[in-house]
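Novice: Input: one structure, supplied below.
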């Protein structure tokens, strides 16, 4: 407690200090505004001289150090003064005075927003169930964890939602306009549930990985532009594409597209699978089907694969129940480990369906699916069934060690004996195509169908180890020039962008393809293995006259050195393969070693895969799961109008042959070391010669040698090394690819076909 004396003693000092401090502060303010004034400056302050300081009373003189101490603080305060000022209309004083009514209204809108959403959500419910009504995600979601899409809604001051264009187990896809980029996009809205969010995050990671390896976007994978969180939903923004291949089939009344167009789709798909098989990616799509293959433009044949929501990388498989049932591979049905080969099986099923118009294996359940596969391909090999955990779900083992089909419990379904429903007859190889609808058409000769059938049989090999790989599939004669120019869409051997990369250190140095995800997903009510995969039809379909479908991609040069083919897990393959070339030969196609009986001579009448000419009849309407496919009536008046062969321009680059004569080639394998291609020239042949010598087509000699050893790369992948002899390559010109000129393009037979298109804008 202060005494009175102490208080009175302090007062005179306080009275005298106040004016002196204010005086010096004023002087300091003037000094601070002058240039080069600083606490540590060597220059004297002009405001107060030494004589002035000495003339001041003692109490004023002791304030000079205080002056030097305060000056920097004032300078800092001046520097912090704002240079720009806010709009007076937003000032708190204005909001709480003249705009007070507006302020209260805004507070009420924010406060009652949640209550208003709850009220709107429950308006359509029965009044008796009001107590049971629940609100999800503050009224933004429905009871299925899906975002409630409102047309015209604007997100983040950027995306204007136009309409819902797809729905699936993952969530929804909406069409939206991006105000920043000024383009239409497809936004995939993931369900607001942790399991779906986790899987979508894997999808984003895979898509970004593919984007990184494909800056030019030329490998037929959809492009992921960006992703963000909005109201607890992960949203993936994709490029806008056109309708899917199932829509295309539906618009042909399920009669199928031409073999030429099927070839274009097949080559792009094989290129995409080759890209996914690069060691840096090793991605398994796990759900290839017509609904997940979209046209880039309704008047072009360019396609892209979408929906990587079920995808995984090799060695990171987390699901056992994958793939849509019609396209599910035998190893998945049998519960065996799977790899990238399951996508090749799906592709084989898709290509047949695209040409015939109907699924090749349309099982109503897994047992029915396996039985329909066996009808066409026979009983799977014993060495596969012996290792299959679920083999006894479909088959029973006989005392002699062989396997046979189990009898169905209901006894209602009757199947043809194993292997008697021949692919030869399904495709109509010698009867004018499926249902005879392609008889006499250009590009649908017996030779063309034989090549197509052989490629499909290699894709549908029961054994994933010997199932054809994308690298070899792209070299198949189905994609090559024949003596009959009308049988192909290009004048020469077709290659894909993935085949153009040069070999570097035993791997492909690639830019690769991006984007996957599910943009513009299907709206069809197609039967699926998973009932949650049903897609709703969205209204507003419109008809578009498709006159020509051309693929527009890059036209890089083809190098003479092929990349190393990318093997699949467990594949027995040579560690080094030398391709022998001769000036008068044309390389046909490579096959994996130890092909099974499916790949043998098809012209041998004693061979058990010789296809007799039995016609496959359709009895009425065939129920396919949850949908019924329309019956196809073989009317000759409709055959020309249903040709959908979209013309490809320069997209599928081809290597020009130096010789158009009927030629052959051989592929030989050798071990590593200096022995070169002489190592196994005398080994017994593991596959017979395949002869396509019909109707002017070339003869193809396949010579396959077994391999005594295997080098494994990453994740069980065999390591391949390919080299071409330095002699003149018979399938290319000097260093370049002779590109097909526009004048040589065949007339598109798509003119006048009316195609019903999904309401998805084409990019």
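Every residue, even glycine, has its Cβ placed from backbone N, Cα and C.
Pasting the relevant annotations from Swiss-Prot:
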- 165, 166, 167, 168, 169, 170, 171, 172, 173, 188, 238, 239, 240, 241: ATP binding site (BINDING)
- 598-620: compositional bias 'Basic residues' (COMPBIAS)
- 159-479: domain 'Protein kinase' (DOMAIN)
- 111: phosphotyrosine (MOD_RES)
- 140: phosphotyrosine (MOD_RES)
- 145: phosphotyrosine (MOD_RES)
- 159: phosphotyrosine (MOD_RES)
- 177: phosphotyrosine (MOD_RES)
- 219: phosphotyrosine (MOD_RES)
- 319: phosphotyrosine (MOD_RES)
- 321: phosphotyrosine (MOD_RES)
- 402: phosphothreonine (MOD_RES)
- 449: phosphotyrosine (MOD_RES)
- 33-61: region 'Disordered' (REGION)
- 115-136: region 'Disordered' (REGION)
- 408-442: region 'Disordered' (REGION)
- 485-540: region 'Disordered' (REGION)
- 595-625: region 'Histidine-rich domain (HRD)' (REGION)
- 596-679: region 'Disordered' (REGION)
- 117-134: motif 'Bipartite nuclear localization signal' (MOTIF)
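How buried are the listed features, and what sits near them?
Specialist: The Cβ neighbour count for residue 238 (ATP binding site), using a 10 Å radius and every protein chain shown, is 26.
Across the residues of the domain 'Protein kinase' (159-479), the predicted structure has a mean pLDDT of 95.
According to its DSSP assignment, residue 111 (phosphotyrosine) is helical.
A 10 Å cutoff on Cβ-Cβ distances gives residue 140 (phosphotyrosine) a total of 19 other Cβ atoms nearby, all chains included.
Taking Cβ-Cβ distances under 8 Å and a sequence separation of 6 or more, the neighbours of residue 145 (phosphotyrosine) in its chain are 136, 191, 192, 193, 196.
In three-state terms derived from DSSP, residue 159 (phosphotyrosine) belongs to an extended strand segment.
DSSP classifies residue 177 (phosphotyrosine) as strand under the three-state reduction. Of all Cβ atoms in the protein chains displayed, 17 besides its own lie within 10 Å of the Cβ of residue 177 (phosphotyrosine).
When Cβ atoms from all protein chains are considered, those within 10 Å of residue 219 (phosphotyrosine) total 28, not counting its own. Reduced to three states, the DSSP call for residue 219 (phosphotyrosine) is coil.
Shown in sequence order, 286, 310, 312 are the residues of the chain, 6+ apart in sequence, with a C-beta less than 8 angstroms from the C-beta of residue 319 (phosphotyrosine).
Residue 321 (phosphotyrosine) falls within neither a helix nor a strand when secondary structure is assigned with DSSP, and so counts as coil.
The 10 Å shell around the Cβ of residue 402 (phosphothreonine) contains 11 further Cβ atoms across the protein chains shown.
A helical conformation is recorded for residue 449 (phosphotyrosine) in the three-state DSSP classification. Residue 449 (phosphotyrosine) is surrounded by 24 other CB atoms, counting those within 10 A of its CB over all protein chains shown.
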Novice: For the binding-site residues listed here, 165, 240, which shows the highest count of neighbouring CB atoms within 10 A?
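Specialist: Neighbour-count leader: 165.
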Novice: In Å, how large is the greatest distance between any two Cα atoms among 165, 166, 167, 168, 169, 170, 171, 172, 173, 188, 238, 239, 240, 241, the listed binders of ATP?
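Specialist: Site span for ATP, by Cα atoms: 21 Å.
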Novice: Including all protein chains displayed, how many Cβ atoms other than that of residue 169 (ATP binding site) lie within 10 Å of its Cβ?
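Specialist: That number is 16.
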Novice: What's the CA to CA span in angstrom from residue 238 (ATP binding site) over to residue 140 (phosphotyrosine)?
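Specialist: Spelling it out, the Cα of residue 238 (ATP binding site) and the Cα of residue 140 (phosphotyrosine) are 23 Å apart.
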Novice: What are the DSSP helix, strand and coil residue counts for the region 'Disordered' (408-442)?
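Specialist: Here the numbers are 8 helix, 0 strand, 27 coil.
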Novice: Out of 111, 140, 219, 402, 449, the modified residues in the record, which is closest to residue 171 (ATP binding site) when you go by Cα distance?
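Specialist: Considering only the listed modified residues, the nearest one is 140.
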Novice: Using C-alpha positions only, work out which of the recorded positions 159, 167, 169 is nearest to residue 177 (phosphotyrosine).
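Specialist: Nearest candidate: 159.
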Novice: Rank aside, I only need the closest one: which of the modified residues 111, 159, 219, 321, 402 has its C-alpha nearest to that of residue 240 (ATP binding site)?
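Specialist: So, spelling it out, the nearest of the modified residues is 159.
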